[in-house]
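Trainee: Below are the structure tokens for one structure; questions will follow.
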Amino acid sequence: MGRSAWSCWQRIFSTAVLYGSLALFTSILHNVFLLYYVETFVSIYKIDKISFWVGETVFLIWNSLNDPLFGWLSDHSFLSSSQPGSQITSPEVVLKRLKALSTSGPLFALSFLAFWVAWARPGLQFLLCLCLYDGFLTMVDLHHSALLADLAVSAADRTRLNFHCSVFSALGSLSVFLSYCFWDKEDFYSFRLFCVTMAAISSLGFFLVSRLLQRRFQKEVHPRQDEALTLKELSVGHAPLTHPEKPVTIRQYLKQLSKHKNFMWFVSMNLIQVFHCHFNNNFFPLFLEHLLSDNISASTGSVLLGISYIAPHLNNLYFLTLCQRYGVYQVIRWLFMLKLGLSVAMLLAGADHIYLLCIFIASNRVFTEGTCKLLKLVISDLVDEDFVVNRRQQATSALLFGMVALLTKPGQTLAPLIGTWLLCVYTGYDIFEREPVKDSVVSVPHVAAGSGTQPLRLGCFHMLVFVPITCALLQLATWSRFTLHGRKLQGIKTLRQGAQHGHLIDVKAI
């Protein structure tokens, strides 16, 4: 009875649906975490300022290092093999990642619960909760992202997988709206029950979906293991005079990456993209307050906030259809040009057009987040190129995703630092002291704005338009140097499929 039930579920859901559902079980928790963890510790647990900044500093270091660390621990064995002819097949790699997800997924849900119950001194709990949560989140995200490159090689199949991720991520964003019904700083009990429910759904979902996918790919592994054993017995699995390869050290791997020009150009572009995404997240409430609050209602502001959370996932569905027709490289280039065009148009229109400001503030965040969600497809292509250029026996997808994260996460730190500095330079407004610093006010030209525009409002407007203009120009310059698209990309994919002939997954199942 149990086996027939498993078989029934496997027939109903395709691999793409199951893979995409893993994004749901991550997003229902992570969106709530981002929205409430700071206010919980500051307003409810009453953490002191020093403990808060110490925790954030340690978290920043850990957050930057754990991606390449976990990626290396996961994939360093794939860089070379100590025995000739012992190539690992893609289904075996997928099984390894799914087993990791079946363990790290429930642990990620458990670490999420640790935030909402006071079990230690606020400073200590803040530090431990952040590090535990981010550690398990990194493990989940790395293996889930790596599966995108391991499950499929063709652009169409990867786009289909990413499409389902966007659908389920949009569904996961609904947890933000549900959380508003339970959030109450005076009575935290209801919110805790809500978090326990979300964590239970996430934990159970990770376990069941991982098990379903494991059963599906185990059917592919066993026949291939039997074939490999037969070849070994007949001594035809490899050439008799081949010698074992030496393991690739981390130093050698970093040297290989430094020579990977497309990787370096992509990281440069992505660093700017990460900066812009977090700049929008950090200063979205500030722009609403100083540019729109006097002219729109609170309900309109909440609608704009809700759109900024859900629309990127829905918009990505359309972007992915464009990717299938024109290619990821071209769609991302168009989005950079759109960002530049909209920002210049808003600059020329000025700060007094309220409805244009509403549209621009929302669309700026939506298109920026939408671009971020397409970049996993580019990293998957870089995995293919790294596999071919360095003649790997198996693609090191998790390790490459981890190295990208290491080199681009400084953008998360630079966004609030540069943003607050620009705000102080333009207006003299210090968000920490809440008092204007008169000596640092700079005379700025009024661009299509009324003479009565306040310096703080005008400064926020200039930040709102000049930051995306600068980012777009830099990104267009770096992205033009990226050559992994068109015929070259198709050639790389053909070479990878040829090199792993007989070791790749049957994409028809996706």
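One-based numbering along the chain as shown.
Glycine too: its Cβ is placed from the backbone N, Cα and C atoms.
Annotations for this protein, taken from TrEMBL, read as follows:
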{"type": "TRANSMEM", "residues": "12-38", "note": "transmembrane segment"}
{"type": "TRANSMEM", "residues": "50-73", "note": "transmembrane segment"}
{"type": "TRANSMEM", "residues": "125-149", "note": "transmembrane segment"}
{"type": "TRANSMEM", "residues": "161-183", "note": "transmembrane segment"}
{"type": "TRANSMEM", "residues": "189-209", "note": "transmembrane segment"}
{"type": "TRANSMEM", "residues": "263-284", "note": "transmembrane segment"}
{"type": "TRANSMEM", "residues": "296-319", "note": "transmembrane segment"}
{"type": "TRANSMEM", "residues": "340-362", "note": "transmembrane segment"}
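Locate each feature and note its surroundings.
Mentor: Outside the transmembrane segment (125-149), and at least 6 residues removed from its termini, the chain residues within Cβ reach (under 8 Å) are 19, 22-23, 26, 30, 33, 37, 41, 45, 47, 51-52, 54-56, 58-59, 62-63, 66-67, 70-71, 74-75, 94, 97-98, 100-101, 104-105, 107-108, 111-112, 114-115, 118-119, 158, 161-162, 206, 376-377, 379-380, 383-384, 395, 397-398, 401-402.
Listed by sequence, the residues of this chain that lie at least six past the ends of the transmembrane segment (161-183) yet keep a Cβ under 8 A from its Cβ atoms are 16-17, 19-29, 31-32, 35-36, 148, 151-152, 190-191, 193-194, 198, 306, 309-310, 313-314, 316-317, 320, 373-374, 376-377, 510.
Counting residues 6+ beyond its ends, the transmembrane segment (189-209) has Cβ neighbours under 8 Å at 18, 21-22, 24-26, 28-29, 32, 36, 101-102, 105-106, 108-110, 112-113, 115-117, 140, 175, 178-179, 182-183 in the same chain.
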Trainee: Can you work out which residues elsewhere in the same chain, 6+ from the ends of the transmembrane segment (263-284), have a Cβ less than 8 Å from its Cβ atoms?
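Mentor: Distant Cβ neighbours of the transmembrane segment (263-284) are 257, 305, 308, 361, 364-365, 368-369, 371-372, 375, 378-379, 382, 385-386, 400, 404, 407-412, 414-416, 418-419, 463, 467-468, 471, 474-475, 478-479, 481-482.
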Trainee: Restricting to the same chain and to residues at least six past its boundaries, which positions have a Cβ under 8 Å from a Cβ of the transmembrane segment (50-73)?
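Mentor: Cβ under 8 Å, 6 or more out: 41-42, 122-123, 126-127, 130-131, 134-135, 138-139, 142, 250, 396, 398-403, 405-406, 409-410, 412-413.
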Trainee: Near the transmembrane segment (340-362), which same-chain residues lie under 8 Å Cβ to Cβ, leaving out any that are not at least 6 residues past its ends?
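Mentor: Residues 284, 287-288, 291-292, 295-296, 300, 304, 307-308, 311, 447-450, 453, 457-458, 461, 464-466, 468-469, 472-473, 476.
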